[in-house]
Amino acid sequence: MALVENLLIVFVAGLLTALATGIGALPFFFVDDFSDRWNVGLWGVASGIMVTVSVLGLVDEGLAYASSGFPTLLIGGLFAGVILVEVSDRVLNGVTLGTDGPEIDHRYEDDSGIDEDEEIQPNGTSHSHDEPPLEAKAFANGDPKTLILILGILTVHSFPEGVAVGVSFAELGLEGGISVLGLSIPLLAVFMTVAISIHNVPEGTAIAIPMRAMGLSNWRMVGAAVFSSLPQPIGAVIAFVFVSWAEAFLPFGFGFAAGAMVYLVATEFVPEALETGAELPNGGRYELVAGFAAGVVAMLPVVVV
């Protein structure tokens, strides 16, 4: 019974991170635009929290569980986390999906039929810089089979975030955590859940923007945003079960989550923030650095204890 309760808690934590993605679409209920400065700042805060928790939390925990000598499992986990993120990106980038749903506004096309936001490649094909995300296209189509296909693809893409949440709950029920409903929730789990949730907010906004251009309703935008992160609670439960049943592999699990998180920050969060803030003064770097510093400062007092 205790295992079922633990799994439920981990699943709920993962579900909260998924629901946070929907928050990114809520501003469009009230405004037509969402400040790039705010988005860049959120990317920075999430990056700062995740790097701090990964380096001073996950890696430190992995070293504590590692046997004396060279932390082979921990380092192996770090590399495995990096590889998973890289492979998932390649899989996602290799998938294309047409849409028979509402069309994107073509008012800005010139007489050549090529959109101004597209550039001509050497082979004569065009490439759009504003290609709607897969989940946006799926919701535009409204095809259940397409939605299931995209959910499967996004499972690969969102799995690292879910793994990080699940691994951070490895010490669930032990002393030294925060008491919630009679259970001791590890501080690391709280921080990681908050970090992933903060990261998911601007990600939800990024999903909603092209859907608004496609003419979809506000609630469908929220639904698509949450839908894109649904694999996270699944990944969280799988990772938690793995580290709970194979305690000897805890260093690998902590290293895996840390490697995935730091690599995500370096290859996705920071580039996404800079792309979002491209039109801000100094390319949004000030907002990104300020947000990152705020995330680090917020985590340092509790992670180093």
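FYI, residue positions are counted from 1 along the chain as it appears here.
Every residue, even glycine, has its Cβ placed from backbone N, Cα and C.
The transmembrane segment annotation in TrEMBL covers 6-31 (among others).
The annotation transmembrane segment is assigned in TrEMBL to 38-59 (among others).
The annotation transmembrane segment is assigned in TrEMBL to 65-85 (among others).
What TrEMBL lists as region 'Disordered' is 102-133.
The compositional bias 'Acidic residues' annotation in TrEMBL covers 111-120.
If you look up TrEMBL, you'll see 147-170 (among others) marked as transmembrane segment.
Below 8 angstroms of C-beta separation, residues 5, 9, 13, 16-17, 20, 42, 45-46, 49-50, 53, 57-58, 61, 161, 164-165, 168-170, 232, 257, 295, 299, 302-303 of the same chain, each at least six residues beyond the ends of the transmembrane segment (176-198), sit close to that stretch. Residues annotated as transmembrane segment in TrEMBL: 176-198 (among others).
Annotation comment: TrEMBL describes 219-242 (among others) as transmembrane segment.
As annotated by TrEMBL, transmembrane segment applies to 248-266 (among others). Within the chain carrying the transmembrane segment (248-266), a Cβ under 8 angstroms from the stretch's Cβ atoms is held by residues 47, 50-51, 53-55, 58-59, 61-63, 65-66, 71, 73-82, 84-86, 160-161, 163-164, 167-168, 170, 192, 239, 242, all 6 or more beyond its ends.
The annotation transmembrane segment is assigned in TrEMBL to 286-304 (among others).
If you count C-beta pairs under 8 angstroms between the transmembrane segment (219-242) and each of 6-31, 38-59, 65-85, 286-304, the highest count goes to 6-31.
Beyond its flanks by at least six residues, the transmembrane segment (286-304) meets 37, 40-53, 56-57, 187, 191, 195, 270, 273-274, 277, 280 of its own chain at Cβ-Cβ distances under 8 Å. Within its own chain, the transmembrane segment (65-85) has Cβ neighbours under 8 Å at 59, 159-160, 163, 247, 249-261, 263-264, 267-268, counting only residues six or more beyond its boundaries.
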